[in-house]
Amino acid sequence: MYNKMVECKNVVYQYKNEDESKNTTAVNDVTLEVNEGEFLVILGRNGSGKSTLAKHLNALLVPTDGKVIVEGLDTSNEEDVWTIRSKTGMVFQNPDNQIVATIVEEDVAFGPENLGVKPSEIRERVDNALKSVGMYEYRKHEPHLLSGGQKQRVAIAGVLAMHPKCIVFDESTAMLDPKGREEVVNTIMDLNKNSHITIILITHYMEEAINADRIVVMDKGKVIKSGVPREVFKDVKTMKEIGLDVPQMTELAYELKKEGINVKDDILTIDEMVNELCRLK
C-alpha cells in the first residue's frame, strides 16, 4: 500500500482574461494522485495546463474549485502553506530566477536559513545537498560563472537543503543545452532512485519521460491519458493528434508497422529497436 504524497481532487483553476470579460479555465476538473517515492512525468504542449497544475502542488496557486492535498494538508489553508512548501520543493525553468546569492554555498543555505534551521545543521545540509547533485567542488564559486546545467543543479541543491519529500520540476531543462539537460535529468533520476524523493517532472521532452514510473498527459486543461511510458507512447496516433511527439524509436516502430514490418509497437530505446530488428532476421 503506497502512501499518497499529493492528491488533486477535481481541481479547477480559472483566471480572468486581460479584458476581464470572461474567465479562462487553465485546469479543468483534474483528479490525480501521486504516491510517495513515485517518479511521475506530466506531458502536454504549451497551454495544456501542465505548468499551472504544477504551481498548485506547493500552493503557489490554489484551486478555483476542488482541492489539492499534500501529505494530508489542504493547500487552501493559509496556516499550512509554509509546511506544504517545506514538503514540496519546486525547481523552475530558468535557474537565474531561483539563485539569490553571489556564492554557491550561500545560495544553497538561503532556504534552510529562512526555515530557522540551526547554523551547525545548515552547514551539514548545504554540504550534503551539493554532494547529492555533484556540485560540492563548486561551493565557493560565483553562480554566474557556471554553465546552465550547473546553475540548475545548484538550484536543485537549494531545494534539497530544505529536506523536501517531493520536488516538482517545472520544465527545468527547457533552457539547457543537451549536455546540461543530461546532467539535470541524471540528477533527478538519482534523487528518486537513491534518495527516494518523490519526483514530479513537467516536460515536453519525450526522452526525459522514458524512465518515469508513470506518465500523465494533459490537453486543454484536462488529463486525457495516464499510464506507464510504454502504454502511453505506443498510442502514437493520439499523441500526434494533440501536438506531442513520442520517443524517436517509438515513432520508428510506428512507421515500420505501417510499412508492414512486424515489430513491437512499444519500443522506447535504440537498444530495444536493435534487438527487435535482429529478432526479425
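Backbone N, Cα and C atoms are what each Cβ position is placed from, and that goes for glycine too.
Keep in mind that what you see is a predicted model, and the values were worked out from it rather than measured.
Taken straight from Swiss-Prot:
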BINDING   Gly44, Arg45, Asn46, Gly47, Ser48, Gly49, Lys50, Ser51  ATP binding site
DOMAIN    6-245  domain 'ABC transporter'
Secondary-structure category, per DSSP, in which Ser51 (ATP binding site) falls: helix
Among Gly44, Gly47, Gly49 [binding-site residues], residue with fewest other Cβ within 10 Å: Gly47
For Arg45 (ATP binding site), nearby residues of its own chain (Cβ under 8 Å, 6 or more apart in sequence): His204, Asp219, Ile242, Gly243, Leu244
Candidate with sparsest Cβ neighbourhood (10 Å radius) among Asn46, Ser48, the listed binding-site residues: Asn46
Number of other Cβ atoms within 10 Å of the Cβ of Lys50 (ATP binding site) across all protein chains: 26
Neighbourhood of Ser51 (ATP binding site) by C-beta distance under 8 A, where only residues 6 or more apart in the same chain count: Asp170, Glu171, Ile202
Gly44, Arg45, Asn46, Gly47, Ser48, Gly49, Lys50, Ser51 excluded, remaining Cβ within 8 Å of their centroid (ATP): Thr52, Met218, Asp219
PLDDT averaged over the residues of the domain 'ABC transporter' (6-245): 92
